[in-house]
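Q: Input: one structure, supplied below.
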Amino acid sequence: MQDSSLNNYANHKNFILMLIILFLMEFARGMYILSYINFLPTVTSIAVAITSLAFSIHFIADASTNFVIGFLLKKFGTKIVLTTGFILAFTSLFLVIWFPASPFVIIFSAMMLGIAVSPIWVIMLSSVEEDKRGKQMGYVYFSWLLGLLVGMVFMNLLIKVHPTRFAFMMSLVVLIAWILYYFVDVKLTNYNTRPVKAQLRQIVDVTKRHLLLFPGILLQGAAIAALVPILPTYATKVINVSTIEYTVAIIIGGIGCAVSMLFLSKLIDNRSRNFMYGVILSGFILYMILIFTLSMIVNIHIVWIIALAIGLMYGILLPAWNTFMARFIKSDEQEETWGVFNSIQGFGSMIGPLFGGLITQFTNNLNNTFYFSALIFLVLAVFYGSYFIANREKAK
């Protein structure tokens, strides 16, 4: 009994520390990717094309690394992989201090940061306890979202004081996360190493066994990300509001998401499979309706209400979807499988803005991007709704 209590305490301590490490690394990512490089063209000689390329390469590196990181963790162990990641992140961001306007350093740092964050995510996802998955995944996604947003806002404030003087803060945050890592005892599901050919075959096998999940993993991210390029224009040109009022809408959505992740996500635990199905299906349908509604709204107060509803639903849909995916994963392949899943999700987030921007540009109508995003959620609702109904009938 005492050994069990000590083990539970150790697991809880490790989970909390990993949450803090995830928060800090996402904090650094928010500072650099969402804030620092976006401001560079306005305060240095860096061209917008360079920062846009850095932004894209960051997420390409993230998605590509996710695809193989589970296998690398099993082959080399967590200490080597994570330490390498921290070294890459710290060194690359440290270079930004000395070369704040170097195109090579800006792109290189973005790529290295994308690689460095990948193993932390995979370890977090694979270490979640099954009987507490909804609750713990709520905490994981909350740490991710809070880190990104607070990092972005914090860096925005520092840039207003001086555009490049506080660049050292990014590498400092990574250094703190790196130090905290040495107080964590990370365990993998197994440590079996395989030849490269065997690992490649396993990637193909994992992919084939989870094809059912790929539309949801890929298209959810694409549907949301498609709106990113047009939302500022939608706010200022269609709703005719200031940047501050638009920011308030983002904050309201973020607060709704945070509240849902912290308090509503635990509803997923110890509930029936049909409850989980209901949350996922309701989320897809509600997203379709709310996003479609945005195309007809010109009142900022209604937009704020919709933003709150989207945030609240997002905060419970993510843990529910994660729990649904977890049921398909073999217990000894968690790192590899979550890595592949994250890679597919990252690819969806990359193609979403591309489609959203192109649709608006070629049709010259912002509403068409809203219709495109809503249509994706309709397709997901029909596809997975059919699966849930068929699966429910089989269970009977």
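Just so you know, glycine gets a Cβ as well, placed from its N, Cα and C.
Got these off Swiss-Prot a minute ago, pasting:
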{"type": "TRANSMEM", "residues": "15-34", "note": "transmembrane segment"}
{"type": "TRANSMEM", "residues": "46-73", "note": "transmembrane segment"}
{"type": "TRANSMEM", "residues": "80-99", "note": "transmembrane segment"}
{"type": "TRANSMEM", "residues": "105-126", "note": "transmembrane segment"}
{"type": "TRANSMEM", "residues": "138-159", "note": "transmembrane segment"}
{"type": "TRANSMEM", "residues": "165-184", "note": "transmembrane segment"}
{"type": "TRANSMEM", "residues": "211-231", "note": "transmembrane segment"}
{"type": "TRANSMEM", "residues": "243-264", "note": "transmembrane segment"}
{"type": "TRANSMEM", "residues": "276-298", "note": "transmembrane segment"}
{"type": "TRANSMEM", "residues": "304-326", "note": "transmembrane segment"}
{"type": "TRANSMEM", "residues": "338-358", "note": "transmembrane segment"}
{"type": "TRANSMEM", "residues": "370-390", "note": "transmembrane segment"}
Q: Give me the stretch from 105-126, 211-231, 243-264, 370-390 with the greatest number of Cβ pairs under 8 Å to the transmembrane segment (80-99).
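A: Answer, by Cβ pair count: 105-126.
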Q: Taking residues 6+ outside the transmembrane segment (46-73), which of them lie with a CB under 8 Å of any CB in it?
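A: Hits for the transmembrane segment (46-73): 33, 37-38, 40, 81, 101, 103, 106-107, 109-115, 117-119, 121-123, 126, 188, 194, 199, 202-203, 333-347, 349-350.
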Q: Using a cut-off of under 8 Å between C-beta atoms, tell me which stretch among 15-34, 105-126, 211-231, 338-358, 370-390 contacts the transmembrane segment (165-184) the most.
A: 15-34
Q: What stretch in 15-34, 105-126, 243-264, 338-358 has the biggest tally of Cβ pairs under 8 Å against the transmembrane segment (370-390)?
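A: The stretch with the most contacts is 338-358.
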Q: What same-chain residues lie close to the transmembrane segment (15-34): Cβ under 8 Å, and 6 or more beyond its ends?
A: 55, 58, 89, 93, 96, 109-110, 113, 116-117, 120-121, 123-124, 127, 136, 139-140, 143-144, 146-152, 154-155, 169-171, 173-174, 176-177, 180-181, 183-184, 186
Q: Mind checking which residues reach the transmembrane segment (211-231)? Cβ under 8 Å, same chain, six or more beyond either end.
A: 246, 287, 291, 321, 324-325, 328, 341, 344-353, 355-357, 359-360, 366, 369-370, 372-373, 376-377, 379-380, 383-384, 387
Q: If you count Cβ pairs under 8 Å, which stretch among 105-126, 243-264, 338-358 touches the transmembrane segment (138-159) the most?
A: 243-264
